[in-house]
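Peer 1: Take a look at the following structure, please.
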C-alpha cells in the first residue's frame, strides 16, 4: 500500500473513526470515552490531511491545526469535568451512573 | 343656571362615594345626616333649576349642557351632555323630590340595620343613575343610567342576601330585566348605525327619512326594553318577587322611579313612535292586558307588598295603554300621580310592617286602625288615589285623562281601563278593610316616628291634591300639567264624550269600594284567604312563573347539566393529551446515558449521509 495514497489514508481514517465511535458507545469508563473521542477527532484530522494531499490544498492542514486545538480544548474540559466529579465525592468513573437527567 | 344641572346628579353620587369610602365605619346617625344633606341639596337644586328654567327666556325650549365630548369614532359622535326641557324637568323633579322624601323615610326605616351605609350607597347610586337617565340628551348616557338603575335594583332587592329567597329574587329581577336591556342595546346599535348619532334630537329628526322597516324594528326593540323595565306582560314576573328588598326600595325603585323609566323613554321618543302605528298598537295592547292581568292577581294576594307590586304593574299598564293611544300627557300625568300615591302606599305599608314585627300577611294584621291612626290615614289617602275615588284624589284625574284618550282611540281600551279601575278599587280596599278593620290579630308595638310621619304626610297631601293641576273640561278645565308639557309632547287632542265617561269613571270605583266593603267588612270572625285551585293560580302570577320555569328555566338547566363537562373543552383536552403522549414517547429516548446519546447521534448521522448520497 502506497503511503501517499489518499484512498488508503481515508480508509485508515474511517477505521480509526469507527473504533473511536465504538469506544464511546461501548466503554463506560469516562477516561476511556475521552480517549475514544480523541481517536475520532484524529481520524477526522487524518481525513483532512489526506484530502489536502490529494488536491494539493493548504486548507486540509489548516483544518488539522484547528482540530488539534479542538482536541486540546475538549481534553481540558473533559478532564476538568472528571476531576470535578471526583472532587464532588463520586467514587466511580462509570458514565452510566450520571443519568439523573433522564426524561 | 346651567351650572346647577350637573350638580343635581353629582350630589347623590358624591354621597354614595363618601359612604363607599367610609366602608361602613360611619355611625348610622352621621350616615343619615349625610344622606339627608346630599339628597336635600339634590332636591333643592332640582327645584331651583326648575323654577329658573320655567321663568327663563327659553322656557319652552331646552337647556343643553355639554359636559365633555365622549366618543368620536368614524361617523359616530357622542357628547356627554345633559338636557333640561319640560319633559325631563318633570321627571327630574319626581326623582329628586320624591327620592328625597323616600330617603328621609329610609333613614328611619333602616336605622337599626348594621349595613345602613351599604344601603345608602346603593340608594344614592340609584338616584344618581336615575337622574342621569332622565337628564342626559344622548341615548348612550341614557343606557348608562338604565344599566345603573338595573344594577342598583339588583343590589337592593338582594340587600338582605343572607336569606336565599332574597338573593334568588334579586337574580331573577336582574336576568329578566337584562332581556329588555339587551333589546334596548340592539335598538341603540340600530339607531347608531342608521343615524350616526344617538342624540335624541338627531334621532327624532332623522327618523322620518329612515327606512320604515328599520324604524319599526328599532321602536319594537325599544318597546321591548321598556316593557322589561316596567314589568309589563310578558316580562312581568320579576316585580312581585322584587318585594324581597327593604320597603323604601320598593317605594323608590319599584313604584316611583325605575319602573317608569320605560314610560319616560317612549314619551321622549314619541315622535319616532308616531311613525310606527303598529308598534303603538302593540304598546297599548300590552298595557291593556297588563292592567287586567295584574289587577286580577292583586285581588287574591295575601302579602301586603305583593298587592302593591301587582297594583304598580297594573298602573304602569295604564301608562303603556296611554302611550299606545298617543296620550303622552296622560301617561306622564299618571306617572307623576302614581309616583305620589304608590310611594305613599309603600311607605305606609313599610311603617305597618315595621310595627307588627315584620309581618306582611294582611290576614294576620287586622284592626290596626286604632293602633296607628296616622299611618291609617296615609294608607287611606294612597288607596283612595290608587282606586281613583272621584274628585278628591290625584289618581282620579290622571286615570280619567288616560281613559278619555283611550276611548277616543278604541272603546275597547276604555272598557278594559274601566274594568281595571273597578278591580283596582276592590283589591286595594280589600287590603284596607282586612288590614285596618275588624279584630286585632296582631299587636303593633312602638310608634311611627316623626321622620317617617313627615314624608308620609307630604305624600299623603300630594296624593290628594296632586291631581288638581289637570282637571278635564267638564269639571272646571285646569290644564297646568298639559300646558307644562305641550311644548315637548304636543297639544292635548280634542276630547269627545267627556262628561259621560267621567261619570262612569267616577261611579265605578265607588261601586268597587262598596263591593269590597260587603265582601270583607268585619264580621266578628277572622277573614281567611281563599284557597281554591283558581285562586292559587291567580296568586302565583296566573301560572306565568310555572310556565317560564317549564319553558325556559328547566330546559336551560338541563342543557347546563348535559354540558356539565363542557364538550368544547374536551377538544382542547384532546389536544393536550396528544401532546402529552408524544412528549412521553420522546421522553423515553432521554435515558440520561451519554453513550446512548452518542449512539443516536451516530445513527442519525449515518441516516443523514445515506439520504444525502
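If you go along the chain as it appears here, the first residue is 1 and each next one adds 1.
Glycine is treated like the rest: Cβ placed from N, Cα and C.
I grabbed these lines from TrEMBL:
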- B:34-54: transmembrane segment (TRANSMEM)
- B:70-120: domain 'NADH-Ubiquinone oxidoreductase (complex I) chain 5 N-terminal' (DOMAIN)
- B:88-107: transmembrane segment (TRANSMEM)
- B:136-421: domain 'NADH:quinone oxidoreductase/Mrp antiporter transmembrane' (DOMAIN)
- B:143-161: transmembrane segment (TRANSMEM)
- B:182-204: transmembrane segment (TRANSMEM)
- B:210-228: transmembrane segment (TRANSMEM)
- B:249-267: transmembrane segment (TRANSMEM)
- B:279-300: transmembrane segment (TRANSMEM)
- B:307-329: transmembrane segment (TRANSMEM)
- B:375-397: transmembrane segment (TRANSMEM)
- B:412-437: transmembrane segment (TRANSMEM)
- B:449-469: transmembrane segment (TRANSMEM)
- B:499-520: transmembrane segment (TRANSMEM)
Peer 1: So if I exclude everything within five residues of the ends of the transmembrane segment (B:375-397), which remaining residues of that chain have a CB under 8 angstroms from its CBs? That is, six or more out.
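Peer 2: Counting only partners 6 or more residues beyond its ends, the transmembrane segment (B:375-397) has Cβ contacts under 8 Å with 311, 315, 333, 337-338, 340-342, 344-345, 347-349, 351-352, 355, 368-369, 421, 424-425, 428-429, 431-432, 435-436, 448, 456-457, 459-468, 470-472, 475, 505-507, 509-510, 512-513.
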Peer 1: Please report, as numbers and ranges, the same-chain residues at least 6 past the borders of the transmembrane segment (B:88-107) whose CB is under 8 Å from any CB of it.
Peer 2: 8, 12, 32, 35-36, 39-40, 42-43, 45-47, 49-50, 53-54, 119-120, 123-124, 127, 130-131, 134-135, 246, 248, 251-252, 256-257, 264, 268, 332, 335-336, 339-340, 343, 347, 350, 451-452, 454-456, 458-459, 484-485
Peer 1: Restricting to the same chain and to residues at least six past its boundaries, which positions have a Cβ under 8 Å from a Cβ of the transmembrane segment (B:34-54)?
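Peer 2: Residues 1, 4-5, 7-8, 11-12, 14-15, 18-19, 26, 63, 84, 89, 92-93, 96-97, 99-100, 103-104, 107, 120, 123-124, 127, 131.
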Peer 1: Please determine whether the transmembrane segment (B:210-228) and the transmembrane segment (B:449-469) are in contact (criterion: at least three Cβ-Cβ distances under 8 Å, sequence separation 6 or more).
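Peer 2: As far as Cβ distances go (cut-off 8 Å, pairs 6 or more apart), the transmembrane segment (B:210-228) and the transmembrane segment (B:449-469) do not touch.
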Peer 1: Taking residues 6+ outside the transmembrane segment (B:307-329), which of them lie with a CB under 8 Å of any CB in it?
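Peer 2: Contacts of the transmembrane segment (B:307-329) (Cβ under 8 Å, skipping residues fewer than 6 from its ends): 227, 230-232, 236, 239-240, 242-243, 250, 254-255, 259-260, 263, 266-267, 270, 273-274, 280-295, 297-298, 301, 335, 338, 342, 345-346, 349, 362, 386, 399, 401-402, 405-406, 408-410, 413, 416-417, 420, 423-424, 427-428, 431, 470, 481-482, 485-486, 489-490, 492-493.
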